[in-house]
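Colleague: First the structure, which I've put down as structure tokens, then a few questions once you've had a look.
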């Protein structure tokens with residue numbers, strides 16, 4: 001084990017690109033996107049003399065945390081946190097009607113910066129590889145078992161939702177409302193459907209792409225279709241797209257340059273602006289960039305207001321609160337929708353840093369960030385030491401979940417803990433101690 005801290009030309013290039021990306025985020029928000037969500041509280045970002053020096057320093061810190069390329073699971077997680085979470089939390093902070101005076105050195109922006117810094121530093125720990133690669137036969141047997149369990153759960157979901165199952169685009173929100181009753185959060189149906197699909201299919205699909213095995217490819221697509229028909233979820237299709245591109249690229253080159261990821265997102269921002277200028281409306285802005293950057297930045301402003309009004313929640317909405325005799329209250333995401341947006345049916349999903357801040361302030365953020373950091377170390381260890389390539393899609397699954405859910409929900413309800421356990425089982429040489437004994 002060793003710690004890598006290296007600065008080269010790629011870091012300088014990424015600093016420039018991240019600065020351009022952050023600056024473009026402010027420009028696009030103020031001129032093209034914020035008005036698409038102003039009915040919920042989004043606003044223009046205040047631009048003053050100190051903004052651009054701040055963005056340059058922020059870009060340098062983010063470039064140092066990301067490094068030059070995505071080579072390991074932890075690199076993927078940190079890079080996605082930087083290019084998705086930083087823009088709406090530390091660049092567009094204050095671009096809302098709930099906390100217009102929010103600064104990066106206070107409140108939820110500071111909590112998020114603190115958490116990303118912890119995870120980014122932990123990710124600098126490196127491990128020397130061993131001669132033996134991942135146990136192929138052991139891994140294949142586990143994948144077959146997962147695929148069988150996944151198919152059983154898909155059949156279960158289909159029959160439970162048969163009364164309203166549909167691929168109709170207009171009825172997606174109605175299906176979501178019905179699914180909340182049929183597959184209620186915290187119920188056996190809810191846990192089974194969530195873990196049996198959303199935890200399994202990214203790994204199965206990734207294996208199919210990487211090994212060119214059509215069965216797992218088709219199974220991943222079937223999962224996305226079932227989740228769309230039963231739950232009205234578009235998220236699985238985005239995950240399939242990301243996994244396919246990532247696995248194909250990794251299969252060919254073995255790494256992804258961070259500069260290319262930043263350039264791709266920068267081009268999306270500019271394409272959205274160009275589409276608006278040419279057609280007077282941008283589908284890209286409305287259906288992708290608004291959801292990726294403007295909606296979460298507005299919700300984080302609401303988080304700051306919530307904490308200032310109600311203080312810390314002390315995990316009263318979790319099983320921990322029930323075990324401590326406090327009683328289990330309404331989930332924070334729904335309480336945020338009720339108290340700040342006056343909509344009791346609104347599930348105001350925010351990232352796990354923000355949830356931890358609402359639960360226990362900076363102490364909660366530090367504790368949960370260390371848990372995520374520990375998971376990063378485990379995935380990096382298995383990947384570097386034992387060649388556990390499946391840690392890459394697990395890291396992608398982990399990241400996409402913590403961007404909009406609490407850590408406890410991600411680990412247990414979304415099955416990430418189970419996938420980490422599965423990853424360890426197919427990676428560690430389980431028969432080593434038995435062989436030595438004999």
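Cβ atoms are placed via backbone N, Cα and C, with glycine included.
As annotated by Swiss-Prot, topological domain 'Cytoplasmic' applies to 1-14, 66-73, 124-147, 336-341, 378-398, with the evidence given as a curator's inference. Residues annotated as topological domain 'Periplasmic' in Swiss-Prot: 32-45, 91-106, 165-200, 275-316. Look at Swiss-Prot and you will find 15-31, 46-65, 74-90, 107-123, 148-164, 220-236, 239-255, 258-274, 342-358, 361-377, 399-418, 421-437 (among others) tagged as transmembrane segment, backed by a curator's inference.
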Colleague: Are the transmembrane segment (107-123) and the transmembrane segment (399-418) close, by which I mean at least 3 Cβ pairs under 8 Å that are 6+ residues apart in sequence?
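Modeller: Contact between the transmembrane segment (107-123) and the transmembrane segment (399-418): absent.
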Colleague: Using a Cβ cut-off of under 8 Å, list the residues of the same chain at least 6 residues beyond the transmembrane segment (74-90) that approach it.
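Modeller: Same-chain residues near the transmembrane segment (74-90) but 6 or more away: 18, 21-22, 25, 58, 62, 65-67, 104, 108-109, 112-113, 116, 119-120, 122-123, 246, 258, 261-262, 265, 292-294, 296-297, 300, 351, 353, 376-377, 379-380, 392, 395-396, 398-400, 403.
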Colleague: Is the transmembrane segment (148-164) in contact with the transmembrane segment (15-31), using three or more Cβ pairs under 8 angstroms as the rule and ignoring pairs under 6 apart in sequence?
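Modeller: No, the transmembrane segment (15-31) does not contact the transmembrane segment (148-164).
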Colleague: What does the DSSP secondary structure composition of the topological domain 'Periplasmic' (91-106) look like, as residue counts for helix, strand and coil?
Modeller: 1 helix, 1 strand, 14 coil
Colleague: Go through the chain and flag residues at least 6 beyond the ends of the transmembrane segment (239-255) whose CB is under 8 A from any CB in it; none is fine as an answer.
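Modeller: That would be 69-71, 76, 202, 205-206, 209-210, 220-221, 224, 389, 392-393, 396-397, 400.
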Colleague: Taking residues 6+ outside the topological domain 'Periplasmic' (91-106), which of them lie with a CB under 8 Å of any CB in it?
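Modeller: For the topological domain 'Periplasmic' (91-106), the far contacts come to 22, 25-26, 29, 34, 41-46, 54-55, 58, 113, 293-294, 297-298, 300-302, 304-305, 340.
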Colleague: With helix taken as DSSP H, G or I, strand as E or B and everything else coil, how many residues of the topological domain 'Periplasmic' (165-200) land in each class?
Modeller: 23 helix, 0 strand, 13 coil
